[in-house]
Amino acid sequence: MWNSGFESYGSSSYGGAGGYTQSPGGFGSPAPSQAEKKSRARAQHIVPCTISQLLSATLVDEVFRIGNVEISQVTIVGIIRHAEKAPTNIVYKIDDMTAAPMDVRQWVDTDDASSENTVVPPETYVKVAGHLRSFQNKKSLVAFKIMPLEDMNEFTTHILEVINAHMVLSKANSQPSAGRAPISNPGMSEAGNFGGNSFMPANGLTVAQNQVLNLIKACPRPEGLNFQDLKNQLKHMSVSSVKQAMDFLSNEGHIYSTVDDDHFKSTDAE
């Protein structure tokens, strides 16, 4: 599953290291105002979308918007209908059944024989993270990550994240600046597997982290919930996803171990 890969909207989604976040300014650029900085920062959020939304996005002053939500970096989930490799790039047609298939271009490093240069075969369901682009009024994605789905629940999760993300961002953007709630920063799930929880809900946790935390909170036993019971209740998640969510919650002070390293209780427990 996708854990904290695009999991919230902050400076960068991948790995939390900011490696994919473009620098807002440039050499010789005038110092931007606070409003400009905030606007540009918002544009760096990785927003879960459908292809239909991307195709209907409007481009004004070099900024894409879906309604009042500014977008630049997005994620989509769909099936590859066609793949074509050229010397410097791979072009996919990806279909999520909300509109016509969309062109997704992934540039390849001709000096690198890594898996990033391997063509993902047609009829494979994938999650794509990339930048929305428009050329001659035709929209496409320039992908910086394409990952085959490991679990078809990720497709359903993505649709829920799309709804949640756009509701939250639309509400946030409609509020006065002074009263706008901060939007937290994303992370990455399993080694590059930008898990199905790209969006962080209001408490700053991913879907997977919230599921783990809520189960631990709900356990009435004094010693807390043990890992085996937790894993059995989260059969839709891989073991590594559960462990990563627990590691994050423990490091952030949401849960703590009790009688041994396999039993956990919430710090909010009575």
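Glycine residues also receive a Cβ, built from the backbone N, Cα and C atoms like all the rest.
Record features, source Swiss-Prot:
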MOD_RES   M1  N-acetylmethionine
MOD_RES   S4  phosphoserine
MOD_RES   S8  phosphoserine
REGION    21-40  region 'Disordered'
MOD_RES   T21  phosphothreonine
MOD_RES   S23  phosphoserine
MOD_RES   S29  phosphoserine
MOD_RES   S33  phosphoserine
CROSSLNK  K37  ubiquitin cross-link
CROSSLNK  K38  ubiquitin cross-link
DNA_BIND  74-148  DNA-binding region
REGION    187-270  region 'Interaction with RAD52, TIPIN, UNG and XPA'
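Counting residues of the DNA-binding region (74-148) by DSSP class, helix then strand then coil, yields 3 helix, 47 strand, 25 coil. Mean pLDDT of the predicted structure over the DNA-binding region (74-148): 90.
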